[in-house]
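**Q** From TrEMBL, here are the annotated features:
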DOMAIN    A:19-403  domain 'FMN hydroxy acid dehydrogenase'
BINDING   A:45, A:168, A:203, A:293, A:296  glyoxylate binding site
BINDING   A:105-107, A:135, A:166, A:194, A:269, A:291, A:329-333, A:352-353  FMN binding site
ACT_SITE  A:293  active site, proton acceptor
């Protein structure tokens, strides 16, 4: 055998599918492994966007089009030694994460990890040293998630992980109030109010599959939420539930209502315009998430990274007594994506689908591994771009990193 | 069987072609189902554009490139309960439609639905509560379409549906006059004059198929219009007929001629420039349709949504005694398309091919189902974009919805 044949055989043995576990070295690997493992209806639910899924692709592609301008010959050795060289402090000092990435709220984790569900995710957040935002549409009770989080914190006492609670405001305001009070009592440290979902969007994959929850689970924090059947033939049981139960009359006044029933910091999720960012700040929120709901609501809206600059600009222009955090989700798949979002003014990013792929592939450990991939990629990107510290673009014109990203000059 | 296999089997049974009817949840589903059902010559006739069909793709793609800027935390609940929350009034109060969508004039419906043809379409317009524009090139007599429309109105007395008549002005002006008088007498409420077809465009699919009408039908409102054979070998019998009979000398003076023979409102269809829009208004028309004739006339012209802003601007700049309606057709396939056209200043859109796909798949009911899809998508888009009322962009700078759409910054 030639030397080439010897070497090629070694690699073939390493990579042949079916002989050993697939090689999982990036987020897309986890995506493909999860796709192979999950039942179609579940995978489609997690993956889908609205209508023709143009924004779903755009969320990812817009990040790719943004170009980095790396500086060289900069002393970046400390990033290797110091675990926390890129840590962030959020919500005016209340929260610390090892790097600027949080778990976005996503529904129904038990479809990915039947045994552990949201408890696996909470434990992974502790080990990853970051925030898990629990969805109202959780397949695990609020208190049970909190219990698991507490248990894990005892095992990993160095962790600064927190739980935040994502809230859908229901027509039944009393029920909503009790949800909020339960979350506060269970130790959740902030409320993340979804503002872009008066209805759920047209997710055609769910309609073709007549999406419904598997037999052995339900939305544990809501009532009559088995989601076993939709009214129409090709409709999602979840969309039906949402249409019947969510309050579609919500306005900015409802932030005042929320302030009356909770003292927790309030973050609004689903801001896509400078105008709404301004209204959010004026309504006194503690943070906003620039988000198009994973491209699952309205299709042909902008990608989130594309509207981040106008929103950062609008928010920072307003004088406030306390800082308003700006987060971004949608399409974050690489360490360079985190770098771009932060350099353009986000305090942190949220990731949604990658957590679910990690859960599906390996439960808690799978999620930890996915976060490790992001950490590793992010720190490498920070070093290779010549950033001695976190390239926070909060005041982009005076930021030492204003050189770092360049918007594409033209695009399709 | 693993849990994944059980669930996947359930979904497969739901979706496998041949076992159950195909799942039809969007306009493209109807297109594909119609394509599978129609004889090639009929499908090709309906589908084709001119030359290399670049504008045919552009009509759709230009809509996709336009981005929406959704506003959140807006009270939109009423859209869910009020059927008419997005209704429009057209032609200075004469016409009402439940959503800003009308049936464009298209030829030869009996090729799609042999038994019902244009009568099915007219009935569907009544049930969908909107306007049907009947083509001069109809395979059903004017009076028979009007009869069916009247019958349906008696069965659905809440409907505000109207019939409008699309007119090709022939060399034979006396014949044309009689056509117009017949339409007026039969209760048609407006004339839609096609101005972009001195000849029919180079539709190569029709030439390759030597397009001709099936044996058992003819153009019922014209003479010697069996369209059974073209003169040339690879030519369309329809294009031949048009070339021989249509008046190619038409100018704006012919609007005055038309005013002498009819009191009906006059809409001109086929405007693609601000200059012609201006001439149309000066000629005293009641409405214009921004249209490239479904990309069937001249290829490599602009998409219609792309030229809409310049035309709206030109029309609204001119002082007139009565309002001039602006309609748009070409490439409308999604609820978000209707939203964009209206936000950019159109009073309503016309849809052509989707009606034919509905007809082919299920006759009258098929058309009704297609319109229901548009209605559902449109109302959802209106809600998710935070529009409390129809986002009419008539005076775009003053419109509360001027934020809603953003033209792409640059394009290939």
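Count begins at 1; order follows the chain as displayed.
Including glycine, each Cβ sits where the backbone N, Cα and C put it.
What TrEMBL says about a protein is an automatic prediction, not a curated fact.
Can you tell me where each of these features sits in this structure?
**A** Mean pLDDT for the domain 'FMN hydroxy acid dehydrogenase' (A:19-403) in this predicted model: 94.
Within 10 Å of the C-beta of residue A:203 (glyoxylate binding site) we count 25 further C-beta atoms, all protein chains included.
Classification of residue A:333 (FMN binding site) by DSSP places it in coil, neither helical nor stranded. Listed in sequence order, A:27, A:28, A:60, A:63, A:354 are the same-chain residues at least 6 apart in sequence whose CB falls under 8 Å from the CB of residue A:333 (FMN binding site).
Around the Cβ of residue A:293 (glyoxylate binding site), 28 further Cβ atoms fall within 10 Å across all displayed protein chains.
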**Q** Sort the binding-site residues A:105, A:166, A:269, A:353 by C-alpha distance from residue A:45 (glyoxylate binding site) and give me just the closest.
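**A** So, of the listed binding-site residues, the one sitting closest to residue A:45 (glyoxylate binding site) is A:353.
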**Q** Could you check which of the binding-site residues A:168, A:203, A:293 is the closest Cα neighbour of residue A:269 (FMN binding site)?
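**A** Comparing Cα positions, the closest of these binding-site residues turns out to be A:293.
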**Q** Provide, as an integer number of angstrom, the distance between the C-alpha atoms of residue A:293 (glyoxylate binding site) and residue A:329 (FMN binding site).
**A** 8
**Q** Compute the C-alpha separation of residue A:329 (FMN binding site) from residue A:296 (glyoxylate binding site), stating it in Å without decimals.
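**A** So the Cα of residue A:296 (glyoxylate binding site) lies 12 Å away from that of residue A:329 (FMN binding site).
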**Q** Taking the Cβ of residue A:107 (FMN binding site) as reference, which residues of that chain separated by at least 6 in sequence fall under 8 Å from it?
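**A** In sequence order, the residues whose Cβ lies under 8 Å from that of residue A:107 (FMN binding site) (at least 6 apart) are A:135, A:137, A:138, A:139, A:219, A:238.
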**Q** Out of A:168, A:203, A:296, point to the one nearest residue A:105 (FMN binding site) in space (Cα versus Cα); all of them are binding-site residues in the record.
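**A** Result for residue A:105 (FMN binding site): the nearest of the binding-site residues is A:168.
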**Q** Within 10 Å of each Cβ, count the other Cβ atoms and name the one among the binding-site residues A:45, A:168 with the highest count.
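**A** Per the Cβ count within 10 Å, the most buried is A:45.
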**Q** Given residue A:331 (FMN binding site) and residue A:296 (glyoxylate binding site), what distance in Å do their CA atoms have, once rounded to a whole number?
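**A** It is 12 Å, counting Cα to Cα.
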